[in-house]
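Comments concern the structure below.
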Amino acid sequence: MPANSPHLRKSGSRAVVSDLGTLELGGSSEEALLHSIDANEMKGVTTPLSSAAIMPSPVLLWRFKVFLFLVWGFGCCKISWDSVMRMSVNLRDLFLYEAFLYYNPLLLVTMMVWFWGINLWVFAQANVNYAKIFDLDQNHLSHREIWKCATWMTIIVPTSMTAYLYLYSHGEVSLAASQPVLLYAAFAMALIFPFDIFYLSSRFFFLRTVWRIVFPFQAISFADFFLADIFTSMSKVFSDLERSVCRMVHRQVATIAWFEADSICGSHAVAIPIVLVLPYLFRLFQCLRQYKDTREKTTLLNALKYSTAVPVIFLSALKYHVFPDNWVNIYRPLWLLSGVVNSLYSFYWDLTRDWDLSCFTRIFKFSRPNSLSYLLYGRKWVYFWVIGTNLILRCTWTYKLSSHLRHNYLTVFTITALEIFRRFQWAFFRVENEWNKTNSKPIIQLSTIDKPNDEQKLLDPNGHSV
């Protein structure tokens, strides 16, 4: 009986072909592997170890990273709590307010970066060519790279804040004062570093867009006013950054000099409303530039929308520069009225212009559906949620624009974070609306071309298909 007869095999075994060209019997995979190794040794061939066997699995690496992240988070919370508890009760609240001023802007920026990564991930899942919409080059950052940057920011900012609290509570005031200064300097250097490391092309694109926002001397692109709109939601962040840098320049970090509200870096400074209003002025000038280029009257109405934020900001700042009776009887009612006008006007513009919802009709029927609509918000409840939250948060953001309410720093931080979340939701619908317009342009252009008649079709030799 031949050696490869199936009657000689055990149940579940299989034939194994060795490198010598002979057919052997294999009762198991282990026997086959040993026979192959023996054959290679007879031929003088060494079997290299697989790289997959050396490297740990991606799942194991991910679990290890999550474990390290949790250990780091627990350590920061424990050290910060112990450091705060070492301080006296009278000093604790004031010191936390100062520490919060230095670090809450960067925490909110980190939150915005995380949200932008989610935006890009959803656009990629829906096959929305956001690179074409924003006119990005082929080296633009993907959502994974955005999340990588956000992860490092999430680690660096709380670590610096923990070091600040620990050093101050243990009497190392000079070292504690250096922590926010080093952090701000590191972020500034990472942003403007001129060498080809750390996503140079993306940083250059961002800085160029910021330059075009500040000086709108050229035609306004979609990326220009999209980023400018995001800056309006972060006006409180810019104001706190200005206050922090002011105290660093005047060496008031970790000192009692900043307690004076009327000082140059105090809470009554004129620079606060000026910094708050700058993003709205930049966006207003963009609208005026668009009107100069296109002569569309809707751009003037959009400029009017941004101008309604100016009275909200400056009427609030007047509280510290007028008599209390005048504030209560005259300026506070005007402040409330301007806040209502700004909120309702902005809410109307979001729905009818930025999102093109056509007065809620698309809640019940999509006029131009695409894959992004079906993927993320093809259901009615999502529209109700976005419209409702947008209205509420549009009304509450007046609180963060009011400098006379900034002493409630936890409330202002929460409202600013919610405004960034609202802008995160807004980005989905705004990009979808622009994507719809981009896709509809070729269709409109093709429809305007004269269609050939039947006689031309018959005479055209290339018009026949076999």
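Each Cβ is built from the backbone N, Cα and C atoms, and glycine gets one as well.
Summarising the annotation, TrEMBL assigns domain 'EXS' to 263-463. Mean pLDDT for the domain 'EXS' (263-463) in the predicted structure: 76.
The transmembrane segment annotation in TrEMBL covers 60-81 (among others).
Taken from TrEMBL, the feature transmembrane segment covers 101-124 (among others).
Residues annotated as transmembrane segment in TrEMBL: 145-169 (among others).
Sequence-remote contacts of a segment are chain residues at least 6 beyond its ends whose Cβ falls under 8 Å from one of its Cβ atoms, and for the transmembrane segment (181-201) they are 106, 137, 139-141, 145, 149, 156-157, 160, 207, 244-245, 248, 253. For 181-201 (among others), the entry in TrEMBL reads transmembrane segment.
Residues annotated as transmembrane segment in TrEMBL: 213-235 (among others). Sequence-remote contacts of a segment are chain residues at least 6 beyond its ends whose Cβ falls under 8 Å from one of its Cβ atoms, and for the transmembrane segment (213-235) they are 108-109, 112, 133-135, 275-280, 282-283, 285-286, 289-290, 293, 306, 309, 397, 400-401, 416, 419-420, 422-423, 426-427, 430, 434.
Among the features that TrEMBL reports, transmembrane segment is placed at 255-282 (among others).
Tertiary proximity for the transmembrane segment (101-124) is limited to same-chain residues at least six positions away from its ends with a CB under 8 Å from its CB atoms, namely 130, 141-144, 146-147, 149-150, 153-154, 157-158, 160-161, 164, 180, 183, 187, 230, 234, 237-238, 240-241, 243-244, 253, 372, 375-376, 409, 413, 416-417, 420-421, 423-424, 427-428, 431.
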